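Colleague: I'd like to ask some things about the structure below.
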Amino acid sequence: MAYGQTGTGKTFTLGRLGEEDIADRGIMVRAMEDILADISPEQDSITVSYLQLYMETVLDLLVPGKDNIPIVEDPKTGDVSLPGATAVEIWDQTSFLDLLQTGEANRFAANTKLNTESSRSHAILMVNVKKHVKGKGGDLILTNENGLGVHMSKGFCPPMVRKSKLVVVDLAGSERLDKSGSEGHALEEAKSINLSLTSLGKCINALAEGSSHIPIRDSKLTRLLRDSFGGTARTSLVITIGPSPRHRGETMSTIMFGQRAMKVENMVKLKEEFDYKSLCRRLDMELEKRVSEIERQGKLLLDVEEKLQERLEETKRAERNLESALEKMAAERARYHKEHIEVLESLENERAERQKMENQLQSTMQDMQHHREVFDPCNQLKSEILELKLQLDKEVQLRQQAEKELSALKSGLTKIESTSPEGQEALILSRRLEDEMKQRKNLEEEIQQLRNQLTQVTLQADEAKRIVSGRISFGSESHKSFASVNHNIDTSANLNTSGRPQEHVGLQKVLSLLDSADLDVRVHAVKVVANLAAEEVNQEKIVEAGGLHSMLMLLSSTEDETIRRVAAGAIANLAMNETNQELIMSEGGITLLSKTADDAEDPQTLRMVAGAIANLCGNDKLQLKLRDEGGIKALLSMVKSNHPDVLAQVARGIANFAKCESRGAVQGSKPARSLLIDEGALPWIVANASNEASPIRRHIELALCHLAQKDVNGKDLVAGGALWELIRISRECSREDIRMLAHRMLISSSVFQAELRRLHIVL
């Protein structure tokens, strides 16, 4: 606060801009430089109001049309505020200097005998600062809607917000009418100035003397400066005097005022409060994560039950086939046994017949010998002998043939169970039946483990809901406010990784199974890798072991939909790390993901691919390369599935990309048209800004606000109909931070302001 006779340099001391020489800068400019040097533009905020007290009326110097602004005092804290005053958010020194120039141009001044540009009003600059500071250590306990305490760990401790207010007052100079020569309206102005300064002096005297009554309400000036003397502020007083002996009386009065003011004691108070908005956002993200985990586990359980049902049906079919084969084999065995008995009987009959013929032949030979000795041989006897020999040779051949057939039947009966196709089929079916029974037992154990995990996750989600309900109940007494990924991986690999898989078979062993000839083994191995990639502590080991390269190769080499879906999910998990993102891009990952998106028809596979690309979109360094290799086009091509999970990931990727672009604009990068607009994403963004699904709508609203931060996008947004969506967001969005961001973009963009004036729309 500057106090002194008119023309002694109060305005020079406080409000000098230093345009010609920076050494001439006043206290207002220097103070703002110190404030801007100590804040973070991403988290902190500065708002400035510039007012003047003229003829006991508070006027707005930034918007001259606002006059007679009321002064409001909080009955509980006693804080003084001006809710009708214009509050402009400041981010740099240039905008603050422009604001001061605007205010000085609207301030009342007049030419008197003592000063050619005498201030005829008291100028008041109010700077409000909200700065985020680290909260104190220790746990936090919130109260839920049932009055029960909910314990929050250190990770959920909200940051502190420190609220500060700087008030710089350039008082109008006190003057004697006989010296200033004020007449007419200037005389009335001088009376009003002297009256308010007199009231200020009375308050200072009462405080210095320790009086019980402080006449604060005698003037609006003393009401506005209530915190500055005897309040909670740290106050500095600058008194200005002139060197002329003619004004000795005014000089003495000014010095006496300063001496009395030095006796006033203020009690400085630090104003800090919890930033519950950040805490609410973190709790909402945690709740969404838990809910998605429950949904994922539920889907996984359904998939496992379906697979188990299929295995049971296959087992029943195998049992029926085995029973049929056993019956058929038993019938064949009975038939061969019957034939064997018949052949044995036939062989015995032939043997008896042969023995009989041999006996007859021997008897005949003896008769022939006897006749040869008694009679001479004859032709008839010779023919009979020849006939008998031929018959004997024939019987010998028949016997040999029967013995060969009997030997063949015996060997055939021995080998029938192992050499016949029916026997082989029965053996294969028997082995398959044993394998199926073992797999059935393993699947039942896996289902039991999944149910136990699902029960645990459900309990955690219920606890998260109770925490959020407690947060809502607690936040209602103060300030109310406000998730690629997203992991819909088929994590049945969890069933075999209750411990650490690398502790059992090693990560290299798991990766080597990705090249197995057995499809089931490959599927199981890629699920294990995907499950490990979901934990940040394992990601570096997976990349070092070549797991990321293997996942990318699976996208290009396999045609199995399950392997592609799970591999894409693993890549999405690994893409959450910035170093892995650059590695994915360097190995052509975006090209492989784009090709997978073109070939895939399963919505869950598309969701994984979209989640991976969405994570890559959050890297500032990869935006141009991502666009050049077709990442944005691949992301937009997946909207044709119309699946809400896929659309949510697409919207998240667009929001990440737009956020990176807006961050580059804030950091001073060369302004350029958004790559999203160049790639034709704006029509889809506008069409889905009012989507019924909250995850899609929230990401699209955030993307529109980030696109609007670049002035070069303004004309395209207006032409594409995005202006109407921004107006709707600024009025209807459920999240306060997005709603305020949309409102700030509308009032700060010259393109939007011109269009709003043309349409006669008032925000």
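Each residue, glycine too, has its Cβ placed from N, Cα and C.
Sharing the record's features from TrEMBL:
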type    : residues                                         : note
DOMAIN  : 1-264                                            : domain 'Kinesin motor'
BINDING : Gly4, Gln5, Thr6, Gly7, Thr8, Gly9, Lys10, Thr11 : ATP binding site
COILED  : 301-467                                          : coiled coil
REPEAT  : 505-547                                          : repeat 'ARM'
REPEAT  : 546-589                                          : repeat 'ARM'
Colleague: Determine the Cβ neighbour count for Thr11 (ATP binding site): the number of other Cβ atoms within 10 Å of its Cβ.
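Modeller: A count of 24.
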Colleague: Taking the Cβ of Thr8 (ATP binding site) as centre, how many other Cβ atoms lie within 10 Å?
Modeller: 25
Colleague: Over the span of the coiled coil (301-467), how high is the average pLDDT in this prediction?
Modeller: 70
Colleague: Identify, in sequence order, the residues in the chain of Lys10 (ATP binding site) that are 6 or more apart from it along the sequence and have a CB within less than 8 Å of its CB; answer 'none' if there are none.
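Modeller: Listed in sequence order: Ala2, Tyr3, Gly4, Ser119, Asp170, Leu171, Gly173, Val238, Thr240.
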Colleague: How do the residues of the repeat 'ARM' (546-589) split into helix, strand and coil according to DSSP?
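Modeller: Helix, strand, coil within the repeat 'ARM' (546-589): 35 helix, 0 strand, 9 coil.
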Colleague: Which has the fewest other CB atoms in a 10 Å radius around its CB: Gly4, Gly7, Gly9, the listed binding-site residues?
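Modeller: Relative to the other binding-site residues in Gly4, Gly7, Gly9, Gly9 has the fewest Cβ atoms within 10 Å.
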